[in-house]
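Per Swiss-Prot, these features apply:
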BINDING   GLY261, ASP262, ALA263, GLY264, ILE265, GLY266, LYS267, SER268  ATP binding site
COMPBIAS  1-23  compositional bias 'Basic and acidic residues'
DOMAIN    39-168  domain 'Guanylate cyclase'
REGION    1-31  region 'Disordered'
Amino acid sequence: MREWCMLRESRTNTPRRAAERGKRPGGSSVRGGERRIVTALCYDLVGSTDLMHVMDIEDYQELMSAFQLASKQAIASHSGVMQHEAGDGGVALFPIELEAKDAASLAIRAGLGIVEACKRVGREAGQDDLQVRVGIATSVALVLEGSREGWTREPVTGAALAMAARLQAITAPNSVLVSEETRHLAGRSYAFVFQGSKELKGFAAPEKVWRALGHKVGVDRFYAFGRMGGPLINRENELNTIGQLWDGVLAGQGSVVLIQGDAGIGKSRLLREIRRRTRAKRSKLLFFQCLPGGFRSTLHPLLNNLPEAVSGSAGQMGPTAAAVAALFERNGIRDPAVVDVFSYLLGAQGSRLQSNEDPKAIREKAHRALLRALEAVCRRGPAVVAVEDVHWIDPTSRDLLGEAARIIAKFPVLLVTTSRPSYASEWLDAANPTRLALRPLDSDETRLAIKAKWPEHRLALLPDLFDATERISGGVPLFIEEICQWVSQNVEPDTMRLSESANPSHVSAFESILESRLQQLGTAREVARAAAVAGTQVTLPLLRALLPDFGKSALANAADTLCETGFLTRIRVPGRTAYGFRHTLIQETIYNAVLRKQRQVLHRRLFTAVNQNRGMAAWIDTGALAEHAERAGLVEEAVPLFIAAGKESSSRSAMIEARQFLEHALDLCGQMSESDTAEALKLLALTALGPILIGTVGLSSEPARRLYEDAVEIARRRPMSEQSQWFPIYWGWWLTGQDFRVMHDRALEVRSMLSKANEPEIQLQVNHCIWAIDFNLGRHRETQDAIKAGLALYDEKRAKESRTEFGGHDAKVCGLGQLALSLWLTGRTKASDAALSRMIAFTDRIAHAHSKAHSLDTEAVSAFYRDDFERLTEVSARMADFAKRHKMQSLSGQSLLFSGWAEAHRTGLASGHARFQNGLSLLRELGAVADLPIYLCMHATLLGLAGKIEPAIEVVNEAIGRGEETGHAYWLAELHRCRAILRARAGERKDAVAADLRCAVEIAESQGATALTRRARHSMRELGIVIGR
């Protein structure tokens, strides 16, 4: 039995707070400040200003002095230190030398003492209504090394001071309000009343706040969990549920399970038990691990099952198609079509699919490949597919996982996924997954878990261990494992004290435990930090680049020590040994504890080394390397890499990831100072993002139009020698013009600007935009001239790239189609037929999806012109089939519209008109109504045939107005002819009918549209209208 075992690996990590600790720039040994827990107290008299107005000034001053003296005594008697004193209030801090629990407890006692002191001072002064408000908060603060003795006299960097002031402001008179962190630390010693979650000015998230009522004797609360390798505790209900689902799988009914829980709660442990219990009857286990930072890395759970992709063996950057085929074959998947699709999506070298294929077609192929892969996997019997930590999944993997979940019921497969509870998993809802939410253990289960882990010769320490576990772990199993291990190894029976810097929040508590353990490991502590910056995978050569002052043997010994102590694990990859963190949470926590400037130094070293030699860490792809550059502060180096990563994703039809990379590149450009370099980088990002935005948001969308307008504004500032480089920007600016007149003016401007450019492709695309606009403006001679000039420059090899850069379709397909339509309108029917045949044959040969859609649209319009309803029915059917296969909504709308038009004329007016209206509604909803005047003309005609003359005239009036407003002129003659016929049927005056027919003739003749002139004159004869030439 083979498993797809995911090598744990992270591209980069999310940086947080901290500051540099370094002996010298670039030095590998870093020292300086550290993060400590600080509790702050803020107090303020209620209504002191009003008192000043009603009391004698001397009496008021004596009252304030007595109050401040009593308040300071209450603070000092509980180890607090005044930070700031105002006339009627002040701020105090409680020393970092105290354990965090004690500092919080003493601060609350001081606060309650201030309330009592205020009451006493008021009574003695005859002011019984004297009242005070007290706020207390706890947070992490940065304490610089060397200033620890006088830390309270230095500015304190932390949230506690600001939060305490905010809490004081909302506290009821003569009350003490404390933050969630403070209550968490001191909760065993005081009674608290929950006051709800409050919005505090300057803080993004609501804060849970509590009112302190007074001291009370200790309240025991125990939290615990089972160790990964120990007995499984408190999971029997979940296992029974999964057992029932597995029985269904054995009977042929697939199921989806989503296990949710906080980091470290035991999701992986439960999954391990599932693997153990299904081992006897399953034929295969496929295991995938999603990783931090993997959201932008296409199919990264699959990619990291490939040794080449992880190790960069043989100098490869990423996998080869042969490696993908070998991996699939080892797991029983031998279908070449399946291997080809996944090789393409992975960006494997030697992939046989073309990068310019339509993204929707690729997605459809991927779904079919997934279906075949599942069939192959189940060929020998039931299987288990496990995907861990889907909260880090990339969009492409999520799409495929969602599709797998949707169809899994057809196969004997148990699909198990795990995620954190905050992750939005509605994309799995269609599969109706069984959701299992893991909770912490209760007190009895805690005792069982700790006894299973605890050495028998130290059982006497268990009561104290329970107390420490309650304060530190918060019921998270992995935290308890680390706490137990550290306490059992380092805590003496007569002290039973943990780190003084134990933090109130669960994650920071774990950070304190890990930091305490790392301090015992000497230089291995620096190696662990460097490895955390690199990600959850690192090699000795990479560590050498990150820590240049360490020798090879020192690094190897440190890595071995970290493996022996449970921080790292060895990962065997071809040609070398790599190291990965035993759990992603360990890597994340160590990374977050590294001060920001130290992280920046390490990221910079990593970027420099890997950028010079990508083979050193081939698992770090372009996007990940860009993130290292960004976190190193090398924004100018990061932006081109993010752009390159976006292009790589786009070439694999991973449009969501591509858009994310490119939009982030633009954000970084905005952070750069105004410079020539920043402008050029921004244009490069916009050039790549524009076509993606058009494809994902829409051609007529405001975001696409605004992007190109902003880009052109920048491009115009660039030197004339660069203008041809930014031609795709100008082309997109033309394409997203709000109407045809604007588009025509822009096309002429671009042609004038780039008239001296010698590149044939630029000149072709200039003509491409001109013939498209001139056609719609009814300028047929100019249209045909532009097509002739443009197609003379067509290069089929270059066109493979241009199809994605310019409009998403092939210029030759567009040119031949536009020529066919223009020739018919100008009365050259045979030449039109020939051009149409050439277009269809060429489109079928190049097999480009969007170009085929363009061709089908042209075929349908051509049949519409000719009133060839039978031909239009056949073309519409092909349009519908193609739209369904490639998920093209606008083409689906056009198929409904044209098939409805044909049906209304051939078989059923009512049913055909209804189908037509469905198509028109869909196109309007999508914003894909560039030919709206024509569609409205068709709509008005069908209304007229149904005898609904007045509504028909209203529709054609709208169409004429839209055509005149937008410059959409080539069908204006037909619109006037249509209105003349409707007016005649409505019995309107003959001069109104004649006026419309006169306009139709004049417009058609001015455009050289012979076919439309003939129609207008034929209608004159039918209606008995005589108009001189």
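Cβ coordinates are placed from backbone N, Cα and C, and glycine is handled just like the others.
Structure with Swiss-Prot features highlighted.
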residue: GLY261; record: ATP binding site; Cβ within 10 Å: 21
residue: ASP262; record: ATP binding site; Cβ within 10 Å: 21
residue: ALA263; record: ATP binding site; Cβ within 10 Å: 19
residue: GLY264; record: ATP binding site; Cβ within 10 Å: 28
residue: ILE265; record: ATP binding site; Cβ within 10 Å: 25
residue: GLY266; record: ATP binding site; Cβ within 10 Å: 28
residue: LYS267; record: ATP binding site; Cβ within 10 Å: 23
residue: SER268; record: ATP binding site; Cβ within 10 Å: 21
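Regional average pLDDT for the domain 'Guanylate cyclase' (39-168) in the model is 83. Following the DSSP three-state reduction, the secondary structure of LYS267 (ATP binding site) is helix.
In the domain 'Guanylate cyclase' (39-168), helix, strand and coil residues by DSSP number 64 helix, 32 strand, 34 coil.
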